[in-house]
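Asks: Got a structure for you, questions after.
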Amino acid sequence: MDVMGGFQGFGYGEWMLVEELFDAARLHSLETVFTIGNGYVGTRGGFEEGFPRGWSATLIHGVYDDVPVVYTELANCPDWLPLLVVVDGERFGLDKGEVLSYRRQLDLRCGVLSRYVRWRSPGGKTIDILFERFASLADRQVLCVRCQVTPVGCDAGIEVQGSINGYSENLGFNHWELLNQGKTDKGIWLQVRTRSSRIELGMACEMRVSGAEFSLETSMVPGYPTLSAQFPAVSGQTVTVEKLVTVFTSRHVENPVNEARGKLGELLGWSVILETHEKAWNDVWEKSDIAIEGDIKAQVAVRYNLFQLLIAGSRYDDRVSIPAKTLSGFGYRGHVFWDTEIFILPFFIYTQPAIARNLLTYRYHTLPGARRKALHYGYKGAMYAWESADTGDEVTPRWAMPNDPYAEDIRIWCRDREIHISADIAYGSWYYWQATKDDEWMRDCGAEIILDTAIFWMSRVEWNTQQERYELREVIGADEYHEQVSNNAFTNRMVQWHLQRAIFVYEWLGQEFPEKAAELAQKLQLTPERRTRWQDIVQNIWIPYDASTKLIEQYEGFFQLEDINLTDYEPRTKSMQAILGIAGANQRQVLKQPDVLMLLYLMRQSQEFPYDADTLQKNWDYYAPRTDITYGSSLGPAIHAILASDLGKTAEAYERFMQAAMVDLEDVRGNAADGIHGASAGGIWQAVVFGFGGIQFLGDEPIANPHLPPGWTRLKFKLHWRGKWHEFDLHPFVEDGEDGEEITSTSLSPLSPSS
Ligand code: BGC
């Protein structure tokens, strides 16, 4: 591959991310960056031979287990990667001997991670090793890793040990108990179970050697079954060792280890598995790719972010969603936030609707947890968890406990107060339905989500007798720097929006599916009085908006807080909350992330109150300079990019866009080690399609009104809308020799009816 550009130790091509020099200081963040997966399993980019203090991890959707303080987390599953190469008795590792050449690359087109190393052992033997791995997209239970070894200018006795490591930990916590292990004709297997949730996992593996005469041995260290291939290797001759792995859990099959062993017996071999895997990826990219010409860095960064979303979205299971850090790290413990419905979902709705449906159906299956939460807090209906896992019960930790033994514990209020999540889920459900016209899903799942959360709002709002209006007190809006606020404009307007949709959905259901409407009316006690109440709330909920200035007050009293000039704090490398302290940020007009602007963005889709160009301009001018966009939340920059683009602030739009696009690749916030910033990745898609592409769905067809960033000569993508694919091929256009960028190209006609 020709390397066409570079940044921070990476080179890249249009579909390739290349690490040209190994830097142990970036070990953990690069493990995140080089995560591979297939929508079922995610495996961080740890090395096959390991590395001291590495955070290797394989996370499987839905495999949660109990853990103190944070309740539950995705358990780090047995490691399928170990492939140790021993050269004349000396074990290969990047921390020993001499690394003469190094290159690691991720092929985004097909999700194959490879690493080439020329290594001189302490004893002086030089050897080329090429490692490759992928998680089959065509067959989710199949994981493949191989190495090719070639002695350089010497002969050597080589041993390659392939193991299943049952001792994987979540940063020091081992979730597994060993049930059994064993060997078969050519392979080994391991059977383990999570300690509390009692999910059983079976993994089996075999090794195939070609290019030399070899002998194969098995060793049964408890929890670490190993296959060892030994062979003599001759200078210049390549020997290939393939390790094929299968994995099943009791979430889907009764006897995972038997299934894993059975499946292993059916596997044909590396090249056949790779071929079907590549084909599956081709099909996926056919629909989901965004092609950018004229800006190769943006091109690879966008594809990288989409790749990370594509390997996180569940193709097979509608009882799981996408955790905030996808399946790529321990951050947020595999918990699911509004990040999914508001930031990530649109990419799937418009390019992989079947995955979008799975993500939303997870919210349907977790309604019982949301109902338990409502009941616990003394409300009716369904109150979704701010952080959700397998059951939908609230799993946001109550306390954050600092490492410093003398520091105070910090109460986390989001679990109690960040209630906008219920409206966000309704919002995602609504737009999925609008885009797909999947009436069946709305009838069977979406309606119950939207209606039972509407009942929650009815019990949550308060009537202010003096002001004669409905209010929502003690909430946290999108901006988490302010933790105990009343009448947050974002929350109140989203609730109003939600109740309007609930009324519509109930009427629609009554007309289209009267039996289902009657069933839900009974189950949820949707009495006419309750529906009248919804209407009353819609009409009388207070949105702190001043019609004369068009300024929306973030919440009641926000404008009375001490003002701040963020430029006074530059240059800085920390968030404003880290600088001012929790109370200090709380008392000032500084935002962690867009709040009023987030509301304007969400209302932009249907151009509803309070969205209009003038209101956007006024509120942008007020709130953008007060937002801690670089060090606050990673959810902010993509949204600012879209709004800045709407406002014609091309340079700022591009800057924010690249900030979001590079958040993991350049470790912009210093926390890439914890896992991929999934919401930012989803925001990137929205920034390109809705922002730069200017896509809107106001009529029967999506329409483009593009503002391409300077230098972009072409922007191409597809959208699935109401049963048809629409292809957009956008170019900048200079009108009649005049300078300045005026864009003309719009949508082409639909390609074909959807299947
Ligand atoms: C943000 C939230 C987000 C969460 C998970 C927090 O820092 O403020 O909006 O949902 O991270 O990504």
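A Cβ is built for glycine as well, from the same backbone N, Cα and C atoms used for every other residue.
Automatic prediction, not curation, is the source of TrEMBL annotations.
Quick caveat, the model's predicted, so the values are computed rather than measured.
Just lifted these from TrEMBL, have a look:
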type	residues	note
DOMAIN	19-251	domain 'Glycoside hydrolase family 65 N-terminal'
DOMAIN	303-686	domain 'Glycoside hydrolase family 65 central catalytic'
BINDING	W338, D339, K592, Q593	substrate binding site
ACT_SITE	E480	active site, proton donor
DOMAIN	705-725	domain 'Glycoside hydrolase family 65 C-terminal'
REGION	736-755	region 'Disordered'
COMPBIAS	744-755	compositional bias 'Low complexity'
Asks: What are the DSSP helix/strand/coil residue counts across the domain 'Glycoside hydrolase family 65 C-terminal' (705-725)?
Replies: 0 helix, 10 strand, 11 coil
Asks: Name the one residue among W338, D339, K592 whose Cα is closest in three-dimensional space to that of the residue listed as 'active site, proton donor'; these are the binding-site residues.
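Replies: Checked the binding-site residues W338, D339, K592; minimum Cα distance to the residue listed as 'active site, proton donor' goes to K592.
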Asks: Centre the Cβ atoms of W338, D339, K592, Q593, go out 8 Å, and tell me which other residues of that chain have a Cβ in range of the substrate site.
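Replies: Here the nearby residues are F337, A478, E480, S633, L635, G636, A679.
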Asks: Using CB atoms and a 10 A radius, I'd like the single residue among the recorded positions D339, E480 with the highest neighbour count.
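Replies: That would be D339, with the highest Cβ count within 10 Å.
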Asks: Return the residues near Q593 (substrate binding site), defined as same-chain residues 6+ apart in sequence whose C-beta is under 8 angstroms from its C-beta, sorted by sequence, else 'none'.
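Replies: Residues satisfying the criterion: A478, D479, E480, T627, D628, I629, G632, S633, L635, G636, I639.
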Asks: Far apart in sequence but close in space: which same-chain residues, 6 or more away, have a Cβ under 8 Å from W338 (substrate binding site)?
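Replies: The list for W338 (substrate binding site) reads H420, I421, D424, I425, given in order along the sequence.
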Asks: How far apart, in Å, are the two Cα atoms that lie farthest from each other among W338, D339, K592, Q593, the residues recorded as binding substrate?
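Replies: Roughly 16 Å, rounded to the nearest whole number.
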Asks: Neighbour count, 10 Å Cβ-Cβ cut-off, for K592 (substrate binding site): what number do you get?
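Replies: The answer is 22 other Cβ atoms.
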Asks: Check K592 (substrate binding site) against DSSP and tell me helix, strand or coil, would you?
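Replies: Note: K592 (substrate binding site) is coil by DSSP, not helix or strand.
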Asks: What is the average pLDDT across the domain 'Glycoside hydrolase family 65 C-terminal' (705-725)?
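Replies: Its mean pLDDT is 97.
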